[in-house]
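> This is the structure, below, for whatever I ask next.
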Ligand SMILES: Nc1nc2c(ncn2[C@@H]2O[C@H](COP(=O)(O)OP(=O)(O)OP(=O)(O)O)[C@@H](O)[C@H]2O)c(=O)[nH]1
């Protein structure tokens, strides 16, 4: 075989010499298309050359002459001496011969070369230019490129010696490209025109090679993981990780996707880098390796593991460990984020605990709210409310009767104490008279004095302590609520509506306080709380007109009770008093007896002014009942006794708080005992 290639080599020289001698004319421009067209011809011609070489070199010159001109014209004049380059270039195709030249040298070393040689020319041509970098695909596409690079092929023959040393490393390097090439195979079938007949068998062989590759992966996986570290652990693990998936993708994607091959090459690049450098040294050899790799690849995979151990083994192990490692890595990654969120919930409980503690504290307060201690009983609440009044009164009484006999001075001192307690002159005289009639000249204790006082106050209050009676024959029973502003009219209306609705009565509310927007809104709130419809109008509207409309509405609705709120006016303002009179007058048009109840709220904290308020409202609005408000926490609860004694108006309720339940029916004995500090 060596002789065979030598003949070819010498033949090329002869052609070059002959061609140049014959043709001195300027070289025509290069026509790449023609060159491509020549490629297949060249292949066919090649065998002819071989034959003709042995027989006659003459016939070829004319044929190759054109190719030679083109090649020479490309400008390797410096290499004009290019003895062989020309024939190589003429082939076109230069790579073909270049390989041929390269082949002969390594071929002696590698005996199998002679046979693949004919096949080689087809593949190597495109491969040579492309292989140095992108071994697989670019080569065929760049076929024209190699032609313009005749100098490369020319130089190639120069380092023929290099291929000789290269051949040995090449077989080693071969394994590395081998895995990549099988992937590259798909692109080659595209180039099939040249190597098609010969390589066609190879690709199928390679295709199975790829499939076995993943199969090989599992066995060496665990052990190979370590070797991967040696060959290029860093690059491999990632490549391996992706490789398994890519293989599957490759199978699915089929040959159409050369990119996959590139991807794998990139993944495997760590190992190939060294082989590539070696390849760059000898292109012809590199080409050969391809052809050889393609065929032997299938064989190498299983059997040639030893020679290709470094590269071939690295590739598979890399793939295997990678997928395995990747999964565990993912598994590790997954748990990592889990612990991360865990700490987050931890802080949540922390603040939760804090909040809980806070909430507990806060809730503890509302729990205290059941301080319905006031709810324990209205009397207890009233007693607590009258405590101030009681303490002051009882304290003063005790100061008067401490180890003193009852005489005129003590009786006068007691009268003064009762009057300062707002009980009124009448009530004070009643108490002193009662005490003097039974205890005059005797030692009297404060307890005895308070008991007599409680009894006398009760006597005063009993006539006025009356329950509110509603004549439901009136549909509705109209309750007009009057009183000085701030005495608790609206609040009392809400409390009363709650009692009535709780008792099963239907109640309608009328917002007659058209001078204060807050009063209207406040009444609406009470209406919502008591589920009672509220009749309201715009701010500043005529209160009498509103009362009239509300009365009609209540009649139409069949309400049991209509409660009309009014504006709080100072009794000395004629206009305001006239408005109340007008309301009463208008209501009387619908029902002469309406309003059926006129309640006046009296603020217990007002003191003696409450007597005047009742006097005025009684005369203007016909007040026929009282609600003593704010008896809780006042020291002047005695005014109720004075009002009762003077006006003898019924006291239906007393307000002992701002809550809906803080409206209690008035009890003379309880109030009297509470204010006198008698248990
Ligand atoms: N402590 C206590 N406060 C009360 C009582 N009744 C009413 N109040 C409060 O007294 C204030 C005045 O009550 P209102 O109902 O608005 O009095 P009003 O007469 O309607 O006032 P105007 O709408 O201005 O005429 C409010 O803050 C009520 O919560 C009570 O019996 N005890």
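FYI, residue positions are counted from 1 along the chain as it appears here.
Even glycines carry a Cβ here, placed using N, Cα and C.
Here TrEMBL flags 48-322 as region 'Disordered'. The feature compositional bias 'Basic and acidic residues' is assigned by TrEMBL to 66-86, 278-292. Annotation comment: TrEMBL describes 105-187, 194-206 as compositional bias 'Pro residues'. Summarising the annotation, TrEMBL assigns compositional bias 'Low complexity' to 294-322. For 483-490, 565-569, 629-632, the entry in TrEMBL reads GTP binding site.
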> With every protein chain in view, how many other Cβ atoms are within 10 Å of the Cβ of residue 489 (GTP binding site)?
26
> Reduce the DSSP letter at residue 489 (GTP binding site) to three states and note it down.
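Going by the DSSP assignment, residue 489 (GTP binding site) falls within a helical segment, counted as helix.
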> Suppose we screen the binding-site residues 489, 566, 631 by Cβ distance to ligand 1 with a cut-off under 6 Å; which survive, in sequence order?
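The ones that qualify, in sequence order, are 489.
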> If you count CB neighbours within 10 Å, which one among the binding-site residues 483, 486 has the smallest count?
486
